[in-house]
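Annotated features, as they stand in TrEMBL:
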type	residues	note
BINDING	367, 368, 369, 370, 371, 372, 373, 374	ATP binding site
COILED	113-262	coiled coil
COMPBIAS	20-31	compositional bias 'Polar residues'
COMPBIAS	47-57	compositional bias 'Low complexity'
DOMAIN	276-611	domain 'Kinesin motor'
REGION	1-57	region 'Disordered'
Ligand SMILES: Nc1ncnc2c1ncn2[C@@H]1O[C@H](COP(=O)(O)OP(=O)(O)OP(=O)(O)O)[C@@H](O)[C@H]1O
C-alpha cells in the first residue's frame, strides 16, 4: 500500500484493475488514461483485483467473509460475517484522499473535478463489484442455508437414527436378559433332555421287554383261546351232566329226608330201648392227693356200668375180725375220676340230638354239695373243661345249621331260673336288684309250662348263650354273697325252647332242652340245723324227695303225678312226663367221709334207674 501510495497519489482499489476488461471498460478508459497520465507507475504493478473476488464455488459456512477479506490494498469493505460486529471499513483512506487532493494546486480545479469524477467512477465500479460480490455472497448464503437445512435434516435423521439405535439398544439389553434366562432355561432343558434320553433308553429297554412279554402272552392267549373253546365244549357236556346230577340230587334229597325220618325213628327206638330215663354216675377226682387213694369206691376195669362202694366195719366187740361191707350199683354208665368232660358229653350227645328232633330232653345232676354237679353241668372256662350245658348248646346250633340244608329253620329261646326255698328267681334279670319281680309257674292252654315275669331271651348262636350263662353266674354270685352261699342250696334250671320248621315239607317241631343243677342232696340232722338253714334243708329235701316220687309215679304209670308238690317238679313237668327223655347224673364225692352221703345218692339214683317211663313221642305237627 505504501508502495502504491508512493507511486500514485490516488487510492485505487485492487478490484478496479481486475475489472478493467469488463464491459464498462469503455467508459472507464478516459479516466484510466487520465490516471495513467498522472500515475507514473505502470498499472501492472497493482495487485490483481481478482484476488478479492470471492470464489464462485461454495465456501465453508463458518468463514465465508474471511475468504473475501482483502489481503492487499483493497479499500472496499465487505459485509461482515453473521455475528461479526466490526464496523465497515471506510472506502478511501482519509490520509490518501487528502493527500491526493492536497497535492493539486488550488487552482487546478479541472484536475480536481477530474479527480473527483475518477473517484466517483471508482466508487461506482466498486459498488458494482460489491453488489456483485454481495450477490455471490447471498447466493453462497442461500446455498449454505440450503446446505445447513440439508445438514439439519441429515442431523435430524441422524438423531432419529440415534434414538432408534438407543431404543434398539434398550431392547437389546432386554434381549440380553432374555438371552441369559433363555440360556439358563436351555441349560435346564439340556439337562432334562439328557435325563429324558436316559429314561427313553430305559423305556425302550422296557418296551422291548414288554413286547417280548406281549408276544409270549399272545402265544399263550392263542393256546388259551383254543383251550377255552375246548372248555366251552366240555362245559356244555358238564351242564348236561349237572342237569342229570340235579335230578339225581333231588331224588337223593327225597331219599335223604326219608332216611332222616327213619333215623329219627330208629334213634328214638334206641333211646326207648335204653330207657327213657337214664342214670349216669360220675365220681369226682380227689381234689388233693393221689387218685389211687380212693379205696372205698371200686370201678371194675372191664365194666363201665358198675360201681361198688365198700366199707370196712370194725368189730364192736373187738373179738371178731373187721367186716368188709360192699354196695354194688349198676347204672347206664359210670364215669371215673379220670374221665374227661368230652367223654362224658359223648354219651349224652345223642340225647341232645333228640331235642332237635322234637323230643323234650331233661338232664339233671344230683348229689351232695361239692360232689361235682356244677362242674358236670357247666364246667370251666377252657373249652376242654366245658360241661354239659355249653357242649349241648354248641351241638344244638351246629346240628341246626346242618339241618338247614334239608329245609329246617330253627328258633331258640333261653331262660335261666333258680329255685331257692321254693321261690323262683330270674337269673337273666338285668333290672334294679330291689325291683325284682315275683314269679309264678303257670300252665297255659296247650299244656305248656311258663313262668310269669321271667326273661325269655331269643338266641341265635352259642356265643349269645354263653353270654347268658355268664350273666346267670353273676346273678348267682351276687346272691351267694348276700345269702351266705345259697347256690349249693338252690336248684338252677337252664331251658332252651326249640322251634323248628321245614317249609319244604310243611313240618314243624317243638321241644325243650332242660339242664338242671340240683341243690346239694346231703341230709342234715334236724337237731343240727336251725332257723333259715333248717327251712332251706326242708325245702331241698322236700323238692328232691318229691322229684323221686314223681319219677316213681311216672314209672308206675300212676294216674296222678304229684308235679305240683314242689316248684322243681312243677317247672320240669313237661320234661319229666311221658313225652320226654330224661338223664340223671349222680355225682359222688370220693372222700371217705362222704361215704354215707354217696351211699344215699347212689340208692336214690338206683331207684330212678329202675323206673321205666312211658314211650316218648316227638312234638310234631
Ligand atoms: N370231674 C372233676 N374233675 C375235676 N374237678 C372237679 C370235678 N368235679 C368237681 N370238681 C371240682 O370240685 C369242686 C366242687 O365241684 P362242684 O362245685 O361242681 O360241686 P357241686 O356239687 O356243684 O357243689 P355245690 O352243690 O356246692 O354247687 C370244684 O372245685 C370243682 O372244680
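Placement of Cβ uses the backbone N, Cα and C atoms for every residue, glycine included.
Those TrEMBL annotations? Automatic predictions, nothing curated.
Within the group of binding-site residues (367, 370, 372), the Cβ with the highest number of other Cβ atoms inside 10 Å belongs to 367. Proximity of the binding-site residues (368, 373, 374) to ligand 1: a Cβ under 6 Å from the molecule is found for 373, 374. Per-residue pLDDT, averaged across the domain 'Kinesin motor' (276-611), gives 85. When Cβ neighbours within 10 Å are tallied across all protein chains shown, the highest count among the binding-site residues 368, 371, 374 belongs to 371. With the fewest other Cβ atoms inside 10 Å of its Cβ, the least crowded of the binding-site residues 369, 373 in this structure is 369.
Residue 374 (ATP binding site) falls within a helical segment according to DSSP.
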